[in-house]
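> The structure is given below, and queries will be raised subsequently.
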């Protein structure tokens, strides 16, 4: 829904998008492009959270001589920025394949001329591997990393507004300064942080989605700035907030689960280390 609303044509609102997708593509339409993100999400999340936590530990070691020291807000922000940069290297190709698969059957509208696939209803890509290989052959590495600039502008501040609110809400819910918050605290803090992060990241998420969807049939945008200017000139400021409701609603449960899994995994590993090395 997010990709269709941001890069597609003819969807008035979220409900209309849901009904249109279901009417035209049945339930299967809601799961297009899912396999590639599903196969890579474990690696992606472990790298992002691993980079974030290890950067925090390194900064605490440099500042205080103790990697277990509770990090300062500036350290959390710097670790978030590093995690954001690293995430783009892994996430851009995955998002591009997902978006191309989701948008390949959509009509392309430019200057009131509707262009459809060569054979109506026949997809351009047969699957994620075929999509990746086709883009790589036709557009090279630059094609695989199309939209990388927009993704950097989305993820670097986005992860700051992900990890900093999480840290803040955890300490606020546990005012005694407990280093190990309860599961309910983690769930709530993670959900709120996810909703804030995804909601504020929506404008650049729109630009990234449009850049990555562009190229299935025609190349409309020359780059991030050109995409921003064309989108604003054609559709006004409101275009940058397409899909904000879906992003914010989706951000709460996914981030709650992500942070809860992360914190519980850390607790389990620390407990095993303690039992192994008493």
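Glycine too: its Cβ is placed from the backbone N, Cα and C atoms.
TrEMBL lists 1-58, 71-172, 181-268 with the feature repeat 'Solcar'. The annotation transmembrane segment is assigned in TrEMBL to 33-52, 72-94.
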> Sort out the residues at least 6 away from either end of the transmembrane segment (33-52), same chain, that have Cβ-Cβ distances under 8 Å to it, and list them.
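For the transmembrane segment (33-52), the nonlocal Cβ contacts are 3, 79-80, 82-83, 86-87, 90-91, 94-95, 97-102, 127-128, 132, 159, 163, 258, 262.
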> Could you give the number of helix, strand and coil residues in the repeat 'Solcar' (71-172) as assigned by DSSP?
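Across the repeat 'Solcar' (71-172), DSSP assigns the residues as follows: 73 helix, 6 strand, 23 coil.
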> Mind looking up the mean pLDDT for the repeat 'Solcar' (181-268) in the predicted model?
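So the average pLDDT across the repeat 'Solcar' (181-268) works out to 89.
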